[in-house]
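Engineer: Please read through the structure below; I'll follow up with questions.
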Amino acid sequence: IGYKNARNKLDLETLTDILQHQIRAIPFENLNIHCGETMELGLKAIFEQVVWRNRGGWCLQVNHLLYWVLTTIGYETTMLGGYVYSTAANKYSNAMIHLLLKVTTEGKNYIVDAGFGRSYQMWQPLELISGKDQLQVPCIFRLTEERGIWYLDQIRRQQYIANEEFLNSDLLEKNKYRKIYSFTLEPRTIEDFESVNTYLQTSPTSVFTSKSFCSLQTSEGVHCLVGCTLTYRKFNYKDNMDLVEFKVLNEEEVEQKL
């Protein structure tokens, strides 16, 4: 990810730098599924895919890699399991399908997640405190705790859609207030995600098998390729508004972008 730490301090600033370097260097993607390959959970396979092959992965992979990195350099890091909210179903997933991290530094707990992608991706660790609005470049994030269950939501800006033909696109997030996922603080291991890792890449009902996607954060926004449709969102480009641009690519252009 190109990160060099001259400060050599395991604090919030270093943690933030590592997270931002990772989300701008390692795409959130599921391309293996659509290339006839398997999304592996083993650390050796993930390292080979991400580091040596210069690829990305989904949450179970990129956050597993991040967990290994943070633990290795000395951060107190715990794996947690999340239940992703579906706007279509209007509920959280029944299965634990998301991997996120809790990191303790300087006496405080933070949620760290490099694997949600698109315009829902946090750019900084979120302090694990209930009911506090935490402003970041992409949006306002809010964690809320109720009876031992934590909920991550976001409050989004208004958006200007440059291509009018995409005003009603399913790829366009239309809600200002968006639920993202829920989780508990029960520690998990990577083995807890083995069955769901298989399900997500084999079930015909999984969104990951029906669509290919690849998203990468930039210093100003996020690129997202779903199928042949490329979206670029520039956060807060003017007047507290995001700019959203769409482009449909042909097969040659898709390969060039990837």
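Heads up, the Cβ atoms here are built off N, Cα and C, so glycines get one too.
So Swiss-Prot lists the following for this protein:
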- CYS59: active site, acyl-thioester intermediate (ACT_SITE)
- HIS98: active site (ACT_SITE)
- ASP113: active site (ACT_SITE)
- ILE97, HIS98: substrate binding site (BINDING)
- TYR199, THR205: CoA binding site (BINDING)
Engineer: According to DSSP, which kind of secondary structure is HIS98 (active site) found in, if we only use helix, strand and coil?
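Structural biologist: In the DSSP reduction, HIS98 (active site) maps to strand.
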Engineer: Anything within 10 Å of HIS98 (active site)? Look among the recorded positions CYS59, TYR199, THR205, comparing CA atoms, and list what you find.
Structural biologist: CYS59
Engineer: Using C-alpha atoms, which one of the recorded positions CYS59, ILE97, TYR199, THR205 comes nearest to ASP113 (active site)?
Structural biologist: CYS59
Engineer: Spatially, and counting Cα to Cα, which of the binding-site residues is closest to the residue listed as 'active site, acyl-thioester intermediate'? Options: ILE97, TYR199, THR205.
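Structural biologist: If we rank ILE97, TYR199, THR205 by Cα distance to the residue listed as 'active site, acyl-thioester intermediate', first place goes to ILE97.
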Engineer: If one measures from the C-alpha of THR205 (CoA binding site) to the C-alpha of ILE97 (substrate binding site), what distance in angstrom results, rounded to a whole number?
Structural biologist: 14
Engineer: Name, in the order they occur in the sequence, the residues of the same chain whose CB lies under 8 A from the CB of TYR199 (CoA binding site) and which sit 6 or more residues away.
Structural biologist: ALA95, SER206
Engineer: Looking only at HIS98, THR205, the recorded positions on record, which one has the least crowded Cβ, with the fewest other Cβ atoms within 10 Å?
Structural biologist: THR205
